[in-house]
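As recorded in TrEMBL, the features of this protein are as follows:
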COMPBIAS  A:1-18  compositional bias 'Low complexity'
REGION    A:1-27  region 'Disordered'
TRANSMEM  A:41-70  transmembrane segment
DOMAIN    A:100-317  domain 'ABC transmembrane type-1'
TRANSMEM  A:104-126  transmembrane segment
TRANSMEM  A:138-160  transmembrane segment
TRANSMEM  A:180-200  transmembrane segment
TRANSMEM  A:241-260  transmembrane segment
TRANSMEM  A:296-320  transmembrane segment
Amino acid sequence: MVLSAPPRSTSPRSTSVRRLTKSTAPKPRRRIRSASRMDAFAPYMYIAPFFALFAVFGLFPTVFTFYVALFDWNPIGGQTFIGFENFVTLYGDERFWNAMRNTFSIWILSTVPQLLLALFLAQLLNNARLKFANLFRMTMLVPYITSVVATTIVFASLFGRDYGLINSFLNLFGIESIDFAANTFASHIMVSTMVLWRWFGYNTLIYLAALQAIPKDVYEAAAIDGAGGFKQFIFVTIPSLRPVIIFTVIVSTIGGLQIFTEPLLLSSPGLTGGAGRQFQTLSLFMYEQGFGDFKFGYGSAIGVTLFALIVVFSVINYLLSRRITSDE
Amino acid sequence: MTTHSSNAAPVIRPTGRPLKRAFVGRVRWWTYAFLIASVFMSAFPLYWMFVVSTNDSAAVSQMPPTVLPGGNFFALAEQVFTTVPFVQSLVNSFVVAGSIALAQMVLCTLAGFAFAKLQFRGRDPLFIVVLITMMVPTQLAVIPLYMIMSNLDWIDSLQALIVPGMASAFGIFWMRQHLASVLNNELMQAARIDGCSTWQIYWRIAFPLVRSAAFVLGLLAFVTAWNDFLWPLIVIQSPENYTVQLAIKALQRQYFVDYGLAMSGSFLATIPLLILFIFVGRKMVAGVMDGAFKG
């Protein structure tokens, strides 16, 4: 597309003169009138595409999930209204609680180290005298552009039981090979590592931007008051980062509770997240029920539950982060 | 998209905007040690992907495995192209990600402009609605979304991947913040007095001012769409409509024990983004850092 320069008044005429010229010239006046009539609707037309798309492909499916969850709904066989039976069955389903435990374990194992690492690296990067700063920043963002599918395949190879690089490394120190996919906790570490790898650089850059926004005189004032580097970090840096920490924690929570691709590819060709469902997450459980067994109603009940969990955790996160940082 | 080096419109930058104050201090050796370790951590998995996709399976499954590239790259790549319709999947991914990126650049800038600079009834409540929709995890509604696509007869078609991603709440928020800070009201009033319609103000003044931010938004949308997996997995069925991610999955499914083929496919699918990243990586870094704190 070609963007031409905006009209600029090149003539020295004053505004009133120009207005006078326009009111006598018929052609521009017509254009202005129709333009102003259009202008009343223009803002609504400009925002309409988003609201239309969101209504059809975002809001409606979300609301409809709650509706489908009340049915025994098979895409081929038809649907029967069964009230809250799906939820009753779900909360008595051991596979659901198993997926819940796995999801939380993977979420904590990936989010906490990731954000701490990001905070640490951002602190290191936040120095005007640092050399190669752009190189460091750019390589950190490379995992972010790598797809989850590619990430999972590489890490599955690195964590491989027989020929994996990580086990070869452990063997050097006389540690026996670990079957990462078979063991519950080890498989969670494997999945969490993939999540951590993809997102630590992104979060580092977000923290770095926030660190750069802290005025230098705040640190100077703290230094005059006798605060050393560590004290400055605790009493100046952390409180200043409060909004961005809340932001990253909420985003990581929303993402972490929806982890899906890694466990799916690791359990390929099945959908169970390992033979003993040791790393099946809630999202994968939903996919297994919805598109593996074609229980749309039951799958939607899982979706509704996850939705509620995400809302509750976002609110708790927000309140907790606010509380913690305002105590400082 | 054509980029112009000259700034098309006269801009009066808002005064009193705080300058970025970089922290200045002594850089210790261990700072570099940790940062180099983080570079290694970021780059090694990609390097390993390259190593495995250039060796035969015997070399990477010996003890200890090789950590150097071999000469088997073209043999494996050829196998990738013959096992799945890989070229077609690359084209599909380009079509899907490219359409989404372009649509988001136009639609989000348009809506962002309306929210930042136009007066209309219900503007603020509507913007709050946009912000709330950012928090809605729509991934959980895939079952009804599949039903909608089924009713539209869009199952197994690329538009099922494109249309839902054409506008994003984040994009609107992002463009609104940029437009609010660079487009000042005097300039808009001057344009109005000169007889510009709202559309002309948008197209000739507002868009050129924020095209760099719109480009970053397009990049992020492209990367997200290129890497999307769950939704294509659900809605696409036939191999000729595969996106790149589905093609890799098909490789992995057929040769689960032998990683070479899936790794080769992963590497080939990551190359386009890596090349893109070499040219625009700096811009993306700036975009990510900017996105955090434009509040």
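The backbone N, Cα and C atoms fix where each Cβ goes, and this holds for glycine too.
Keep in mind that this is a model prediction, so the values were computed, not measured.
Within the same chain, the transmembrane segment (A:180-200) packs against the transmembrane segment (A:104-126): three or more Cβ pairs sit under 8 Å, each pair at least 6 residues apart. For the transmembrane segment (A:241-260), the residues of the chain that approach it from at least six positions outside its boundaries are 103, 106-107, 110-111, 114-115, 118-119, 191, 195, 199, 203, 206-207, 209-211, 281-284, 287, 306, 309-310, 313-314, 317-318, 321-322, 325, judged by C-beta separation under 8 angstroms.
Residues of the same chain lying 6 or more positions beyond the ends of the transmembrane segment (A:104-126) and with a Cβ under 8 Å from any Cβ of it are 133, 136-137, 140, 185, 188-189, 191-193, 195-196, 199-201, 203-208, 210-212, 233, 237, 241, 245, 248-249, 252-253, 256-257, 259, 279, 281.
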